[in-house]
Structure formats: structure tokens, C-alpha cells
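Scroll down for the structure; my scribbles are underneath it.
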Amino acid sequence: MKSNLKSTLYIIFLYWYVHIKDEQKWVTVNAETPNLRNGWSIKNGALHNGENNLNEKYADYLNDTVEGNSKMDAIEEGLSGQSEEAVVEAQQEGEEVDQGAEEAAREAQQFATQAEEAATQAAQDAEAAQDAANKITENAEKINEAVKQATYAKEEAQKASDEAKNAKAQADEAATAAEQAKTNKEQAVEQKGLAHTALGKAKEAAEKAKKAKVKAQIALEITKAQVAVAEAEKAKKDASEAKTEAQNAFDEAKKEAANVDVSKVKALKDAEEEAKKASAAESTITTEAASAKLAAEAAEKANTEEKEENLITARNEATKAVASAEKAKIEANIAQTAKKKAQIALERTKAEVSKELAEKEVLAAKEAQKEAEAAKNKAKAASDKVTSENEAVNKATLASKRADEALGRAQEYATIAEKAAGEAQKAETVQTAQVASKKAKDAETSANYERIIAELAAEVAKAEAEKNEAEKELKEANKADEEAKAVGAAIGADKAKEKAKIEAEKAKKQLDEAKKLAKEVSSAEYNVEEKSVSEAKEKVSEIQKAVTAAKTAKELAVKAAKVATHILNAEKAKTEAQQAKKDALKAKAEAEKYASDSKAEKAKEAATKAATAADTATDKATKAEKESADAVTEANVNPDEIPDKEEEVKKKATQAADFSKEAVKAKNEALIEAEVAKAEAAKEEANMAQIEAGKAKAEAEKAAQTAPLSAVTEAKKKAENMATLAKEKAETAANEAKGTNESADSIRDKAKEEVTEEVTNKITEIKGKAENASKAANEAKKAQTEAELAAAVAKAAVAKHEAKKAQELADDAKKKADEEAKPVESKAKDEAASAAEKAKENAKTAEDAADEVLLKAKDAEEEVKNNWDNQQKKADITSKVNHVKEKTSQSIDAAKEAKKAKDLAEIALNVVKAEVANDKAKKAVTAAGVAKEDAKKAAASAEQPKKEEESAEEDAETAKDEEKEVEKKAQEASDNANAAQAQLKIAEQELQTAKGATSMETLVQAKTKALAAAEDAVKKGQAAEDAANEAKNNAAKAAEAAEKAKKAAEESALKKKLKVLEIVKKYSKEGYNTDNSLLTQ
């Protein structure tokens, strides 16, 4: 009974265990390989982590944890008889045997069903692995091995499936029996053994199914890994091919770009970048393929035993392999994309290169067109010197037109190439880019063709132009031959003429050769290819050589002709230099004369410059003579050497011409400076004339102010008119001198550097202005002279008038001196008489000289007006003018002496007045002394009454005061008398100073001092007299005060007597009858 129960429970456990484990595996397998039933694919599947969250009942077992396993072991131990306690416990828990048998049978049935399903799933996994492996063709050896493993796993799974089916059948029978035995306990017990047996078989089948499933799954993971390795290898191979093709595209693009400026080919960089990308992708794929291989090998190593941990290892490694394979496939796609883009970049590069080459062709065609145009113009320029109908110009013109048309077509093709290059840049596929690239290449080819046409046309134009150039050279050679002949009998000219003829014939020969080659160049246009261009260029080069030879011949002929011309030019230069020297020396002499006659600094500076220029002209003329002689010597050689001597002869002739030019420039400098000196001297002379005329005018005006006589007024007007005229002429001279300087300044630097008509004209202009300045100065000088004559007349007339007036004033002073001196003995009176006599004498002299001035001035004025510009009359005019001036000076000097005598007489008169004042002062002092004594006596007489009567005291004091005042005035009179005497002495001394005065200033100062001293003496004399008079008055007042004091004293005494009488009368009647006579006693 215990054994049956144990068996039944074991079957139940086994069914339960297999069911639970099967559920766990199904959950895990379905999570990790969700698409196995639909075929092999894990690209987008998410791997499960081996865990799940089923209901709590089976969670521990499904998670395969330590705790779950321990529970399972405990149950198994109980069921296997290893723990009797566990069995007893189980028996206690299943008291209802029939119910336990039914449940065990049902569990066994379910367990067997799960085993069958697991086996079926294992077979399906094995078959999936086999199918997946069969789909891969790369790495056949490894894949075949995977197929074998999958097939073996499939067979094992199939066996397990069969056994599980048998177990399930037995479980089904056990379940049926258990169902039937529900009411029959004995049958139920019997069925326990059957259920136990079924459970054992189910367990065994489940175990096999489990191992088959694990083995199939490991095989599946290995297959996945191998498939991943195969895919990675395929990606590696594809990437390698893509890299190679991308690199080839870049290399070809680089080769294409080498034909142009690489910096302008933008697509080349793109091709390089794509090649790099493909290479980088291949490198990455190689790494990932190696990683996949290592992972696959690790997965294979896990296929040793059907364990869960080996399955996990295989699955992880397979996952790594698959991930690497995926990366490899991604990089393979990148490599393929890079390859396509590199190929597109290649086509773009080709298109860009074609565009650039087409543009180059256009530039070459444009250059050819320019050359053709230049050749046409050159031909036209040369044709101007060729009188015949010029066929070459026409041909060159047509060729230029063809080149221009070819250029236009080339530009059109270049535009097409550029457009095609743009299309290539926009192309998204290789085919589209290739189409655009071919279009650009075709356009480039066409542009190249048009460029050849343009270059051939240019060569034709150049050939025709060179041919025309040869004709021009021949013409010039013939012209040189004619010029050589025209030299005539010049020294050394015969051989030169012969040489010119020979060279002209050589030029003709070269022209014929150029014509022949030009025809051949024209024929080359019928064969449009590079070779034709090269041949045409060579022939044009030969034509150019012929032209060069013709030009050489012409140049030799020209040189021979020039030798004689140079000699003639040297002789001309020598003659011109000699004349320049002569003119410069003359200018120097004139400038020095102007400078010596004038004080103008600018005139002196100009003369110095003129002298320097003349020295330079002399030096350069000497050198020009030497160079001219050397030129003749150089030309006196063998005729064959004459062309070689052309430079030397030319050099000598040129040097002679240069020295001659320098001499002429120096001469011009000398001429300029001479004219400047002339103008400056004239300006200075005119200015001095203006100043002198102004002085004459001022003198005449002063004379008119001094003596408004009719003759003086007339002379003043004339002097003013002449001064105005002199000023105008001085201004004219100054303006002309300024103009001369300005003109000189404007041309001076240029005159030093060049000899031109402008310089010559400017020198002529300078000469005109300098001459105008000189003429104006002459007129100013003339006006000055006339003004001076007029001033002389005015001054002489005034001098005469003033001398006469001085005489009269001197006589008046003498008479007044005589009158003033009557009261005294006077020495000054005699001085006044002497001065009056001198004034009379000088007045007579002034009158006689003035009368002669009036007479001679008219004659001199007529000479100035009528003969001023007559050089023969210059000396006579100067003599007459000087005579008038001398007589004027004589008249003025006499007038001055007359005025001096008049001043002396007036001084003497004032000295006489001082003498009189001094005498008056002396008398005043005497009178003041008498008054002083009188006042003293009066004051003394007032003292006694003062003592006697108090009321007389005031008058006594008054007398005393007046006495003091008299003393003061007496002293004042004495002081003024002394001062008067001192001033008299000063006046007398100044009179003597005036008599000996040699200048008007000294005379005036002496007179001023004498007059001041005399005036002061008069004042002091008067003051002394006034003080004496006041002293007298004060003395009288003192006497009057003394008298008053005396009377006061007498009255006081009388009053005292009367007072006594009144007293007596008061006390005596008789007193009242006293006779009045008592009052008078």
C-alpha cells in the first residue's frame, strides 16, 4: 500500500515537474526566438534575459533558482524512498486514495503531453537551424557542419518526441483507469502502480526531450553564429570590392584632374573622401568579421553537453556574432554607397575637367584671336609705309575674322561643357553622371577643334603681318640708301652709301622668302589638326627670321646713313655752342653793369648768377668743340667698320649736342639773370627817383606853407605833379620788375633743364618787361629832376623871403634893444646892432642867389623836357640842374645865416631886458632896505605906549608883525634880485653860445634858454620890485600902528585924569563947575 501510494505520488510529481519545466522553457524559447515558426530571422528581435514573470505558483521553478531547485529535490527524495518521513507525510496528506490516484494520473498525462510538446518544439528548432544553415552558400564547410549538428539534433528530438508520445499514451491510459477507479478503492490502488510506471516513462521521455531541445537550441545558436560569420565574410568581400572600385574611381579622377588646376576640381575631393569612407568601412568590417568568427568558435566550444549554461554561452556568443555581422552589413552598405558616390564623383571630375579644358581651349582660342587681331593691326601699321595695294592686310583681316568666329564657337562649346558639368554635379546616379560627363567631354573635343581653327587663322594672320613687316623693312632700307646718297660729299660718306645699297638688296631677298613661306602657312588651314598648328608656327618662325634678317640689313643701311648725319649735327652743335658762349658773356657784362650802377641786392644776386651761367656756357662751348672734332675722327675709318662706328660717332655728336644744349641753357640763364638785374636796377632807380621826387614835393609844400608866394605856389604844384608822375612810374617799374621776376621764376628751372621754344619765348617776354621797367625808371628819374627844379625855385624864393623877413626882424630887435637899454649901461645893445648888420648882409646874398635860381631853373627845365633821352645832352642837363641846386643851397644858407643873425638880435634884445630887470631888482632891494628900517623904528616906538597903556598893546603887536613882514619882503626882494642877476648871466652866456653855434639845433637851444633866462630875469626883477613895494606898504602900516598905539596911550592917560575929576566933583560942588579947559590938560 505504501509502495503504490509512493508510485502514484511520484507519477504525479513527474507530470507536474515536466509541465512546469516545459512551461518555463517555452516562455524562454518564445521570448528569445519569437519568429522561429515563421522562418529564421533575428534582425529585429529583442533577446530575452532568461527570466519571466509567470504566476507566483510556478515562479520559483521557472526561474530555476536555488530555492526552487531545493524544493524540487526534496520532493524527488521523498518519492524515491530516500525519506520515509516525507512519504508518511505524503500519505497523511492524501487520505483519499482514489482522489490521489486520479490526480496523479492526470498530472502524468499532462506531464507526458508537455514532454511531447517539448520534443516537438526541439524538432522544430533543429529543423529551423537546418533551414537557416541551408540558406547560406558562403563558407560551406562551416555551414555543412552546422547542418549536420542541426540534423542530429532534429533526429534526437524526433526520438524524444516518439517516446513522449508513448509516455503520453500510457498516461492517458492511467488517467482513464483512475477515472474508472474513482468508486472502487481497490482498483484505484491498483492503478497507482500503473500511474507510477507511466510517470517514470514520462519523466524519462521528458528528460530526453529536454536534452534534445537544449541540443537543438545549441545547434540553432551555433548555426546563427556560423550564418553571422558567413554574412560578415560576405560583407567583407563586398566591402573589399567596393573599396577597390572606389579607390580606382578616385585614382582615375586624380589622373583626370592632373590635366587642369586641381584646386578647381571640387569633385576630386569628393572622390577622395568616398574612397576613404569605403576603406574605413572595409577596415571596420574586417574587425567585425574577426569578432563574429571568434564568437562562433566560442559558441561551438559550448556544444559539449546538453546543459542550460552551455546553451546560454552559445546564445550569448551567437548574439555577439550576429551583432558583428549586422555592423559588418551596415558598413558594407556604407562601402557600397561610397563606391557609387566615388564613381559619381569620378564622372563629375571628368565633367569638371572637360569644362576646365574647354575653358582653356577658349582661352587659347582667345589668345589666338588676339594674336590674329594684333597681326592684322601690325599688318595695317606696316601697310601705311607701303604705297602699293596691300594683299597681306586683306588676308590678315580675313584670318582674324576666322579666328574670331572660331573663338565664338569655342565659347559656345565651353558653355555647353560648363552646363554639363553642372548637370554632373546634380547627378544622383552613376549613369546620369556618365551621361553628363560624356556631354562635357564632347563639348571639350569640339572646343579643341575650334581652338585649332583659331590658332591656324592666327598663324596665317601673323605670317601675313610679318610679310608686310618685311616689306616695311625693305622700304626703310631703301629710304636709308637714299638718305646715305643725300649726304653728298661728307667725309667718309662714300663707303657708307655703298654699304646702305648692299643691305637694301639683302632686305629685298628676305622679303621674297617671307612671301613664299606665307603661302605655305595659308595652305595649312585646310588640314585642321595639332600637327598643322605646329608646322604653321614653325613656318611663321622662319618668316620672322627672314623679317629679322631684313630688319638687320635695314639697320646697317640706316647706321651707315646716320654716320654722316651725326658728323653734320656735331658741327652744328659746335657752332651753336660758340654763339651761346658769346651771348652769355655779353649778358654777364650787362648784368654786372646794372648791379654796379644800382644798390639793389636782387640786382647784385642776379649779376652773380649771370656770371656763373656765363662761365658755364664758356665751359660747355669748349667741350662741344672738342666732341665735334672727336666725332669726325671716329668716322675716319674703313667703310666696312662704319656701321660699327655709328654708336661712337653718334655718342660724340650727341655729347657735342648735349654740351651745346648745356651752353645754350647756361646762356639762357645768363640772359634771364641779366634782365632780372636790369629790372631790379630799374625798380631801385625808379623807387629812389620817387623818394627824391617826394622829398622835393615835401620841400616845395613846406616852402609854400612857409611863404605862400605866387612863385612858390606855382613851383609847389609843379613839384607835386612831378612827384605823382614819379610815383606812377616807380609803381610801373616795380610792377614790371615783379613781372620780370615772376616770369624768370616760372621759367628759370625749366631753362636749366631744357632748350625749348617756350623758354625762348619766355626770355623774350622777360626782356620786354625789363625794358618796360627801365623806361619807367627813366621817366621817374626825369619827373624827379623836374620836381627837384620846382622845389629849388620854391625853396630859393622862400629863402629870399625869409632872409628879408629875418633882416627886418633883426632891425626891429636892434631898435627895441636901443630903446630898452636907455635906463642902463648895456653891452647886449651892441650885440643886437651887430646881428642886425649880419642879417642885412645875408638877406642880400639870399636875394641874389634866389634871383639866379629863378632864371637858371627855367633854362634847365626846358632842357629836361626836350632833351632828356638825348645821351649827348645828358651832361649839359646835369650841369644846369646842379647849378640851380647849388644856387638854391646858397640862397638857403644865406637865409639861414640871416635868420641866425635875427635870432642873435632877438636874444640880445632879451638880454637887454634882463639887464634892465636886474637894475630894477637892485633898486628894489635898496627901497626894501629903507622900508625895513622904517618898520623897525615904528615897531620900537610902539613899545613905550604898550607899556603905558594896555589898550595900545594890540597896535603895538600889529606894528611888530608888520615889521616882520617888511623883513620878509625885503629878503624876498633881495632873493629875486639875486635870481634876476643869475638869469641875466645865463642869458648873456647863451647869447655867446648862440653866436658860436654851428648848427641850428644849438642855436635854437641857446635862444630858448636865453629867452627863458631873460624872461625869468624880468619876472624876478618885477618880483623884487613888488616885494619892495609891499615892504614899503608894510612899513607904513607899522608906522600907522605905532601911531595908533601912541594915541591910545594918550587917550588912556586923559581918561584917567577925567575919572579923577569926576571923583572930586562927586564930592565937591565946585567940581561940577570946573571949566572944560581942565579936561584938555
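Glycine too: its Cβ is placed from the backbone N, Cα and C atoms.
For the ranges 58-81, 370-393, 418-441, 490-513, the feature annotated in TrEMBL as region 'Disordered' maps to 370-393. Residues 920-921, 923-925, 927-928, 930-932, 934-935, 937-939, 942, 958-960, 962-963, 965-966, 969-970, 972-977, 980 of the same chain, all 6+ positions outside the compositional bias 'Low complexity' (1024-1039), place their C-beta atoms under 8 angstroms from a C-beta of that stretch. In terms of DSSP secondary structure, the compositional bias 'Basic and acidic residues' (957-972) contains 16 helix, 0 strand, 0 coil. Within the same chain, residues 395, 402, 449, 452-453, 455-457, 459-460, 463 sit at least 6 positions outside the region 'Disordered' (519-539) and bring their C-beta atoms closer than 8 Å to a C-beta of that stretch. Beyond its flanks by at least six residues, the compositional bias 'Basic and acidic residues' (957-972) meets 925, 928-929, 931-932, 934-936, 938-939, 941-942, 1023-1024, 1027-1028, 1030-1031, 1034-1035, 1037-1039, 1041-1042, 1044-1045 of its own chain at Cβ-Cβ distances under 8 Å.
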